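Q: Look at TrEMBL and you will find 9-166 tagged as domain 'Glycerol-3-phosphate dehydrogenase NAD-dependent N-terminal'. The NAD(+) binding site annotation in TrEMBL covers GLY13, ALA14, GLY15, SER16, TRP17, GLY18, ALA146, ARG261. If you look up TrEMBL, you'll see LYS111, ARG261, ASN262 marked as substrate binding site. Among the features that TrEMBL reports, domain 'Glycerol-3-phosphate dehydrogenase NAD-dependent C-terminal' is placed at 186-281. According to TrEMBL, the feature active site, proton acceptor maps to LYS197.
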Amino acid sequence: MGEKSVERVGIVGAGSWGTALANLLAEKGYTVDMWVYEPELCRDIAEKRENTFYLPGVPIHERVVPHTAFAPVVVNHSLVVMVVPSHVYREVAEKVVPHLDQDAVVVSATKGIENDTLLTMSGVWREIASGREDVHFCCLSGPSFAREVVRRLPTVVTLACKNITMAQMAQQVFATDYFRVYVSTDVIGLEIAGAVKNVIALAAGVCDGMGFGHNTRAALITRGLAEMTRLGIAMGAHPMTFLGLPGVGDLLLTCTGDLSRNRTVGYKLGQGQKLDEILADM
């Protein structure tokens, strides 16, 4: 799969990040078929050209085509992007795998750990796609707020695949003059960093909400990075991954950025608000 061989890209998930990636790819000239869970949102995207649920106010490119079925998004697509929440990743993957083309490339842009099994998304994928060794699994991660990507603000991420050639080919598909993509073979490192940094960001928000100051937050981020790295190494990751974009880069963004949902929740908890009230307002 080279960039020239890709004409249609499938995006499974129409949240803010899935929509941002869909727009980016459509602007590059690809036709993007996007699976949308909510029928009402699917209609809005088709008719209003706007993701009114998750990314309001952002025009959606005409080459982004919404669907509520999986087959039109996956069949005859050499590259499929998985961008659904981690708690439904398994359920969705089970419906995606049967439709995948031979030698398809799957790029997972989901950050998180499956609650019941504590598996990363690649671990979930291995269980679901057992017997589909022809499919190449990649992971896309790094400091990347969707709201900034749709504004074409310079963003740099990492794309990892155990097959470096496939990583480089997928890199060509995503790369633009404002969205730079580095490649790696450390899939588990990207996944551990992308998931665990959210916990550190919650704690950083609590620190800010309680008024502990910059010293405390800096210490928490630094020691949090050390814990992330030790966990990653224990799970087979390369330590340098945690000093790069997926590690310290994403950690700094999520712990300090005003667009960080995890930091925001932590901040409000630190101010004494109840969790259910916070989540109800988001």
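Just so you know, glycine gets a Cβ as well, placed from its N, Cα and C.
Any TrEMBL annotation is an automated prediction that lacks curation.
Small disclaimer: the values here were computed from a predicted structure and weren't measured.
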Q: If you measure every Cα to Cα pair among LYS111, ARG261, ASN262, the residues listed for substrate, what is the largest value in Å?
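A: Overall maximum Cα spacing for these binding residues reaches 13 Å.
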Q: Among the binding-site residues SER16, ASN262, which residue has the largest number of other Cβ atoms within 10 Å of its own Cβ?
A: SER16
Q: Could you give the maximum C-alpha to C-alpha distance in Å for the residues GLY13, ALA14, GLY15, SER16, TRP17, GLY18, ALA146, ARG261 that bind NAD(+) per the record?
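A: Site span for NAD(+), by Cα atoms: 18 Å.
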Q: Specify all same-chain residues, apart from the site residues LYS111, ARG261, ASN262, whose Cβ lies within 8 angstroms of the center of the Cβ atoms of the substrate site, ordered by sequence.
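A: Leaving out the recorded residues gives ASN198, ALA201, THR254, SER260.
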Q: Restricting attention to the domain 'Glycerol-3-phosphate dehydrogenase NAD-dependent C-terminal' (186-281), give the mean pLDDT.
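A: Computed over the domain 'Glycerol-3-phosphate dehydrogenase NAD-dependent C-terminal' (186-281), the mean pLDDT is 98 on the 0 to 100 scale.
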Q: Return the residues near GLY18 (NAD(+) binding site) by Cβ distance under 8 Å, restricted to its own chain and a separation of at least 6 in sequence.
A: ILE11, VAL12, MET34, VAL81, VAL83, VAL84, ALA109
Q: Going by DSSP assignments with H, G and I as helix and E and B as strand, what are the residue counts for the domain 'Glycerol-3-phosphate dehydrogenase NAD-dependent C-terminal' (186-281)?
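A: Once the DSSP states are binned, the domain 'Glycerol-3-phosphate dehydrogenase NAD-dependent C-terminal' (186-281) shows 79 helix, 0 strand, 17 coil.
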Q: Express the distance between the Cα positions of GLY13 (NAD(+) binding site) and LYS197 (active site, proton acceptor) as a whole number of Å.
A: 22
